[in-house]
Amino acid sequence: MILAGRAPSNTSTLMKFYSLLLYSLLFSFPFLYHPLPLPSYLHHTINLTHSLPAASNPSLANNCWLCISLSSSAYIAVPTLQTDRATSPVSLHLRTSFNSPHLYPPEELIYFLDRSSKTSPDISHQPAAALLHIYLKNLSPYINSTPPIFGPLTTQTTIPVAAPLCISRQRPTGIPLGNISPSRCSFTLHLQSPTTHVTETIGVFQLHIIDKPSINTDKLKNVSSNYCLGRHLPYISLHPWLPSPCSSDSPPRPSSCLLTPSPQNNSERLLVDTQRFLIHHENRTSSSMQLAHQSPLQPLTAAALAGSLGVWVQDTPFSTPSHPFSLHLQFCLTQGLFFLCGSSTYMCLPANWTGTCTLVFLTPKIQFANGTKELPVPLMTLTPQKRVIPLIPLMVGLGLSASTIALSTGIAGISTSVTTFRSPSNDFSASITDISQTLSVLQAQVDSLAAVVLQNRRGLGLSILLNEECCFYLNQSGLVYENIKKLKDRAQKLANQASNYAESPWALSNWMSWVLPILSPLIPIFLLLLFGPCIFHLVSQFIQNRIQAITNHSI
């Protein structure tokens, strides 16, 4: 970069001077170079990253560099398997807006854990009716004080391969979430917004419930399946779009299923049930047509149901038609799944959303390089250095299926509270024991951990500060077992020291119990004897000065 009014040579000299000054400060004040701590939520991610190569590509299990991006917004999206779209449940949140405070409690968020629970057998098949039944029958639903997380979790997420199935909902008005490129969607279900409402009367309440949308596509074709022929489903009465409850001994209801294209695997196919608006995953490898366990609330159902519902009081002689409250259906994914819409990821779909989304797992940006190559350590300079690092995306070396299976366990952190280091020695010993036991369990899943701990920590501090990649060297040296043994020995040593000190005559708890009653009356006397003469002298001097001043004034 050339500064205005200066020659390139002067600029180069100035940059060198600034660099030397910065290096001098770093060497003179080492605390300025102290590495930043690793975020706790990345602990399990790093350990899991070490186990990924051995699970899918043994050639990457050792003697290689794995680099993890520490940017909080840059993630890689891995498309979920076909079974995840049919078996992954979503949580239903009903947000109620009350206009009559004397009839209903204040606005609150109600979360249905299981609408098929025996504690509420009379709950209707429609969400709005279910909410009214809860209030009319004085049932106590689970109240979730924490609202769902709306808004994008990440904004720079990339998907390296095409997703097998996307869901698109386009409307002129709504909350835009983002659109995935058509080249990244093998097949897209287009949801058409409904134009009619279903009305149901319960007691004095009249419900206006949004009708189910339709699927606008010409690529789907009707197929014959056990689901399509009207298979009995135990949760059939819980679905919000069925006209009436259906018991197990009632005749099966015909339903039309549409087949989504799946050229990768002909033995498995994904079906869309337009009657119940569910996705079915069917395995055709056996003669019995194995059917995956279905969830009553699937991501497809959630995407179509995310809208607003209105409820009005029916006209009676004692009241006039009014609008006591409205219902807003909101859905959130569970089990570590996310909605990817464009380059942003979401856990929850807001009401009246618009865009093109798919289901993905999230993983940090991971790359690998040959262990024989030397990776330069980033230096803290005024100008960003252009580093040419031969990094290859991890998705190229690992299979997507193996990565998806491994990442489905979710991301969890192994963290130790700061208050542990302020606790007595016995609590500190117990925490070290817990850490050693945790590492022992993780060692069964991880082939090798980072051996060059000090070098990695120094590089890690700069990587977090500069928001760049952090590389860990993988080996099979057994360093973890040595550290575990040291931790256990240290915990035992601390426990013995704490026990010996507590039993010794110099322990504070042994002699303070009889010393304090003696010292409590002696301390005030000692303070009085120490400061009493000084205070008495000051008071006497003050009185003499005042008397002298009054005498002089009178004369």
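Note: Cβ is positioned from N, Cα and C throughout, glycine not excepted.
According to Swiss-Prot, the N-linked glycosylation site annotation covers Asn47 (among others).
Taken from Swiss-Prot, the feature N-linked glycosylation site covers Asn222 (among others), and the record attributes it to sequence analysis.
Look at Swiss-Prot and you will find Asn265 (among others) tagged as N-linked glycosylation site, backed by sequence analysis.
Taken from Swiss-Prot, the feature N-linked glycosylation site applies to Asn283 (among others), supported by sequence analysis. According to its DSSP assignment, Asn283 (N-linked glycosylation site) is in a strand.
According to Swiss-Prot, the N-linked glycosylation site annotation covers Asn352 (among others), on the basis of sequence analysis. In the three-state DSSP scheme, Asn352 (N-linked glycosylation site) is classed as coil.
The N-linked glycosylation site annotation in Swiss-Prot covers Asn370 (among others) and rests on sequence analysis.
According to Swiss-Prot, the N-linked glycosylation site annotation covers Asn475 (among others), on the basis of sequence analysis.
Feature annotation from Swiss-Prot assigns region 'Fusion peptide' to 388-408.
Annotation source Swiss-Prot lists topological domain 'Cytoplasmic' at 537-555, citing sequence analysis. Only residues 6 or more beyond the boundaries of the topological domain 'Cytoplasmic' (537-555), in the same chain, are considered here, and none has a CB under 8 A from a CB of the stretch.
Annotation source Swiss-Prot lists transmembrane segment at 516-536.
The Cβ of Asn283 (N-linked glycosylation site) has 16 other Cβ atoms within 10 Å, all protein chains considered. Ranking the glycosylation sites Asn222, Asn352 by how many Cβ atoms sit within 10 Å of each one's Cβ puts Asn352 at the top. Under DSSP, Asn222 (N-linked glycosylation site) is assigned to a strand (E or B) in the three-state scheme.
Secondary structure counts, DSSP: the topological domain 'Cytoplasmic' (537-555) has 18 helix, 0 strand, 1 coil.
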